[in-house]
Amino acid sequence: MFLAKSLVCLALLAVANAQFDTNYASGRSGMVHLFEWKWDDIAAECENFLGPNGFAGVQVSPVNENAVKDSRPWWERYQPISYKLETRSGNEQQFASMVKRCNAVGVRIYVDVIFNHMAADGGTYGTGGSTASPSSKSYPGVPYSSLDFNPTCAINNYNDANQVRNCELVGLRDLNQGNSYVQDKVVEFLDHLIDLGVAGFRVDAAKHMWPADLAVIYGRLKNLNTDHGFASGSKAYIVQEVIDMGGEAISKSEYTGLGAITEFRHSDSIGKVFRGKDQLQYLTNWGTAWGFAASDRSLVFVDNHDNQRGHGAGGADVLTYKVPKQYKMASAFMLAHPFGTPRVMSSFSFSDTDQGPPTTDGHNIASPVFNSDNSCSGGWVCEHRWRQIYNMVAFRNTVGSDAIQNWWDNGSNQISFSRGSRGFVAFNNDNYDLNSSLQTGLPAGTYCDVISGSKSGSSCTGKTVSVGSDGRASIYIGSSEDDGVLAIHVNAKL
């Protein structure tokens with residue numbers, strides 16, 4: 001027993017510190033989840049919008065062949081049939097081209113990978129033409145047979161770690177990641193994506209797999225492909241989906257030695273704050289004091305594709321595009337604050353939580369339509385193209401690693417702070433105006449508020465803020481304004 005534990009510890013140590021670097025290009029920060037976008041459209045978006053606006057990466061939807069389900073719900077992408085790169089988003093050639101084109105403009109690609117399970121019963125035909133028999137645990141496209149799965153049982157008790165990790169999540173056939181053949185197939189799949197130039201992975205349902213098995217899989221992965229601009233010896237950035245709101249048998253701390261985790265507490269807490277259930281003044285110690293994992297272990301977000309639909313964690317407190325004022329405020333705070341690695345959600349609009357992406361014919365995904373103001377139509381929300389969000393990605397890039405300084409609050413729901421002497425933000429979530437002289441920490445001058453507008457040459461399309469020689473400025477945010485936030489930085493100086 002001692003030997004087995006020692007081997008697990010050695011495996012964990014071998015992986016330690018390798019998976020925490022995002023592999024972002026220099027001077028960039030902020031990832032966007034282009035949920036259900038096609039590969040060709042993502043490539044164009046990298047070149048036309050994400051690259052020029054300072055985004056660092058894209059999380060893409062699952063790349064492997066999935067079960068074709070009636071009505072084509074979004075969640076069919078999470079029911080693997082094989083590891084062939086053939087989905088509604090495109091084929092392997094299109095995927096490879098996208099990765100190459102995005103890397104060429106400094107935007108990294110992170111793949112949502114699924115190897116906890118295979119498709120549930122009913123998933124007999126895949127997007128790449130493969131067939132399967134989930135009822136007999138036969139997936140010839142890999143191939144997997146019943147020998148590669150855990151015994152059939154349901155997860156009914158989240159206080160039983162064995163059940164959570166060895167039984168089936170909502171009927172999805174549960175792979176045995178301790179099986180050496182399964183490990184070989186998973187590593188082969190991930191290594192192929194590394195060869196194609198990806199920078200990392202979001203590991204779906206990591207909580208449902210044993211950390212020791214994941215350590216073995218991660219530890220076997222190739223270094224990143226230097227042909228795509230990665231430094232020699234770079235490892236894939238690993239983000240593990242681990243929902244830990246406390247009170248269950250499985251803790252995120254079991255996974256943070258292996259890679260980052262999806263910090264759902266951040267989503268839940270930021271939703272409560274900007275919905276008015278907690279006061280903004282309490283954000284003064286935002287971070288691990290709120291129960292979050294360490295900053296370099298936390299992928300943070302306002303919402304994700306699951307919890308914007310009431311799945312996952314957070315419930316009714318989660319903010320989504322459907323409450324735009326508060327959503328933009330929460331997103332601006334996330335991007336202005338140094339904690340964690342932020343991921344912006346880019347959604348399609350939905351009224352039914354099973355609804356799939358916009359299509360041209362009920363099956364083929366439609367491309368987003370872009371309006372003159374950068375926003376999207378055609379059923380796509382494109383939060384990443386909202387000025388209040390993409391300008392805050394530029395803010396984050398501008399302030400870099402500068403610390404929070406000059407914190408101010410009114411004892412309620414009005415706050416402001418600077419990031420060193422490079423950026424300043426103020427928020428008003430009270431039902432009365434914010435009208436105060438505040439210390440911005442910035443050099444004297446006139447600045448463009450990048451929330452209400454953008455700098456255009458030597459002018460500003462939105463509000464301007466005059467900072468005096470003492471660093472102070474009169475800050476006004478009316479309670480009835482469209483945006484409850486104001487942001488200025490040194491690259492928006494007029």
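Counting begins at 1 with the first residue displayed.
Cβ atoms here come from the backbone N, Cα and C positions, even for glycine.
Copied over from Swiss-Prot:
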MOD_RES   Q19  pyrrolidone carboxylic acid
DISULFID  C46-C102  disulfide bond
BINDING   N116, R165, D174, H208  Ca(2+) binding site
DISULFID  C153-C167  disulfide bond
BINDING   R202, N304, R343  chloride binding site
ACT_SITE  E241  active site, proton donor
SITE      D306  site 'Transition state stabilizer'
DISULFID  C376-C382  disulfide bond
DISULFID  C448-C460  disulfide bond
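Features recorded in Swiss-Prot, as mapped to the structure shown.
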residue : record                             : contacts (Cβ under 8 Å, 6+ apart)
C46     : disulfide bond                     : V58, M98, R101, C102, V105, V107
N116    : Ca(2+) binding site                : L169, L172, D174, L175, Q177, D204, A205, A206, H208, M209
C153    : disulfide bond                     : Q163, N166, C167, E168
R202    : chloride binding site              : Q59, Y110, V111, D112, V113, V239, Q240, E241, T262, L299
D306    : site 'Transition state stabilizer' : G312
C382    : disulfide bond                     : S346, S347, P368, S375, C376
C448    : disulfide bond                     : S454, K455, C460, T461, G462, K463, T464, V465, I488, A492, K493, L494
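Between the alpha carbons (Cα) of Q19 (pyrrolidone carboxylic acid) and R165 (Ca(2+) binding site) lies a span of roughly 22 Å.
A simple Cβ count within 10 Å picks out one of the disulfide-bonded residues C102, C460 as the most packed, and that one is C102.
With the fewest other Cβ atoms inside 10 Å of its Cβ, the least crowded of the disulfide-bonded residues C167, C376 in this structure is C167. The number of other CB atoms found within 10 A of the CB of D174 (Ca(2+) binding site), across every protein chain shown, is 24. Comparing R165 (Ca(2+) binding site) with R343 (chloride binding site), their Cα atoms are 27 Å apart once rounded.
Neighbour density around each Cβ, counted as other Cβ atoms within 10 Å, peaks among the recorded positions Q19, N304 at N304. Long-range Cβ proximity for R343 (chloride binding site), meaning a same-chain Cβ under 8 A and a gap of 6 or more residues, is found for G30, M31, V32, H33, Q59, L299, V300, F301, N304. In this entry, chloride is bound by R202, N304, R343, whose most widely separated C-alpha atoms sit 12 angstrom apart. The chloride site, placed at the center of the C-beta atoms of R202, N304, R343, has further neighbours from the same chain whose C-beta lies within 8 angstroms: M31, H33, Q59, D112, V239, T262, L299, F301, H305, M345. A sphere of 10 angstroms centred on the C-beta of R165 (Ca(2+) binding site) encloses 22 other C-beta atoms.
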